[in-house]
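Trainee: Quick paste from Swiss-Prot:
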BINDING   26, 72-73, 99-100, 103, 105, 124-132  5-phospho-alpha-D-ribose 1-diphosphate binding site
BINDING   34, 35, 128, 156  orotate binding site
């Protein structure tokens with residue numbers, strides 16, 4: 001685990017974005033941990049979040065021309081990541097996002113920001129069922145752009161309805177790489193360093209045994 005990944009876990013724990021306990025997911029599964037990126041909700045939170053996304057992007061080595069944030073959660077993420085890339089990595093790249101409803105006056109259309117073209121890096125909080133990615137792909141393809149990759153905050157590394165994860169489905173269906181700031185594996189490595197969290201470690205490992213990929 002890299003220093004920025006450890007720092008991200010501590011940041012998420014400090015903001016209660018990442019919690020341990022017993023949580024019922026939309027899928028009906030009982031999970032020993034829960035991640036709610038919506039709780040990164042202040043100016044300082046967003047500034048820090050952008051730095052972690054930018055760090056993971058640079059670390060991945062993937063090449064891209066533009067950041068795309070799907071509405072709604074992806075919008076602030078794309079914005080803060082673009083700022084962090086410019087301020088901390090000297091990479092001044094365009095970004096854009098979509099509107100849920102197309103506008104019929106003014107600039108019109110369903111995109112805001114830069115023109116959607118070239119190699120697109122899609123940024124979002126998490127991938128649960130991959131629905132947002134599929135909707136975004138329609139927009140990207142309609143504009144003649146290509147998907148360079150997807151960046152999310154956490155990869156839960158768990159099976160979807162079949163034998164593979166929603167993330168593996170996205171990688172297979174769109175022939176792209178999905179990268180994340182942290183994975184379930186990183187989370188377990190972090191818990192292993194913390195004796196006081198042994199109870200959570202056991203629960204997370206048991207969950208991975210049952211649902212992991």
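Here, residue 1 is simply the first one shown, and the rest follow in order.
From the backbone N, Cα and C atoms, a Cβ is placed for every residue, glycine too.
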Trainee: Which residues, same chain and not among 34, 35, 128, 156, have a CB within 8 angstroms of the centroid of the CB atoms at the recorded orotate site?
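Mentor: Going along the sequence, the neighbours come out as 25, 31, 33, 36, 126, 154.
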Trainee: Given the binding-site residues 128, 131, and counting only Cβ atoms in the protein chains shown, which has the most within 10 Å of its Cβ?
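Mentor: Compared across 128, 131, the most Cβ atoms within 10 Å surround 128.
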Trainee: In sequence order, what residues of the same chain, 6+ apart, have a Cβ less than 8 Å from the Cβ of residue 73 (5-phospho-alpha-D-ribose 1-diphosphate binding site)?
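Mentor: The list for residue 73 (5-phospho-alpha-D-ribose 1-diphosphate binding site) reads 37, 38, 124, 125, given in order along the sequence.
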Trainee: Would you pick out, from the binding-site residues 100, 156, the residue whose Cβ has the largest number of other Cβ atoms within 10 Å?
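Mentor: Of 100, 156, the one with the most crowded Cβ is 156.
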Trainee: How many whole Å apart are the CA atoms of residue 26 (5-phospho-alpha-D-ribose 1-diphosphate binding site) and residue 35 (orotate binding site)?
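Mentor: For residue 26 (5-phospho-alpha-D-ribose 1-diphosphate binding site) versus residue 35 (orotate binding site), the Cα atoms are 13 Å apart.
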Trainee: List the Cα distance (Å, whole number) between residue 100 (5-phospho-alpha-D-ribose 1-diphosphate binding site) and residue 34 (orotate binding site).
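Mentor: The separation of the Cα atoms works out to 27 Å.
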Trainee: Quick one: pull the CA-CA distance for residue 35 (orotate binding site) versus residue 127 (5-phospho-alpha-D-ribose 1-diphosphate binding site), whole Å only.
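Mentor: Between the alpha carbons of residue 35 (orotate binding site) and residue 127 (5-phospho-alpha-D-ribose 1-diphosphate binding site) there are 12 Å.
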Trainee: Within 10 Å of the Cβ of residue 26 (5-phospho-alpha-D-ribose 1-diphosphate binding site), how many other Cβ atoms can you find? Include all protein chains, please.
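Mentor: Cβ-Cβ neighbours of residue 26 (5-phospho-alpha-D-ribose 1-diphosphate binding site) within 10 Å number 7.
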Trainee: Going by a 10 angstroms cut-off between Cβ atoms, which of the binding-site residues 34, 35 has the sparsest surroundings?
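Mentor: 34, out of the binding-site residues 34, 35, has the fewest neighbouring Cβ atoms within 10 Å.
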Trainee: Could you round the CA separation between residue 127 (5-phospho-alpha-D-ribose 1-diphosphate binding site) and residue 34 (orotate binding site) to a whole angstrom and send it over?
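Mentor: Between the Cα atoms of residue 127 (5-phospho-alpha-D-ribose 1-diphosphate binding site) and residue 34 (orotate binding site), the distance comes to 14 Å.
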Trainee: Distance check, please: Cα of residue 34 (orotate binding site) against Cα of residue 131 (5-phospho-alpha-D-ribose 1-diphosphate binding site), rounded to an integer number of angstrom.
Mentor: 20
Trainee: In whole Å, how far is residue 156 (orotate binding site) from residue 131 (5-phospho-alpha-D-ribose 1-diphosphate binding site) when you measure between their Cα atoms?
Mentor: 16
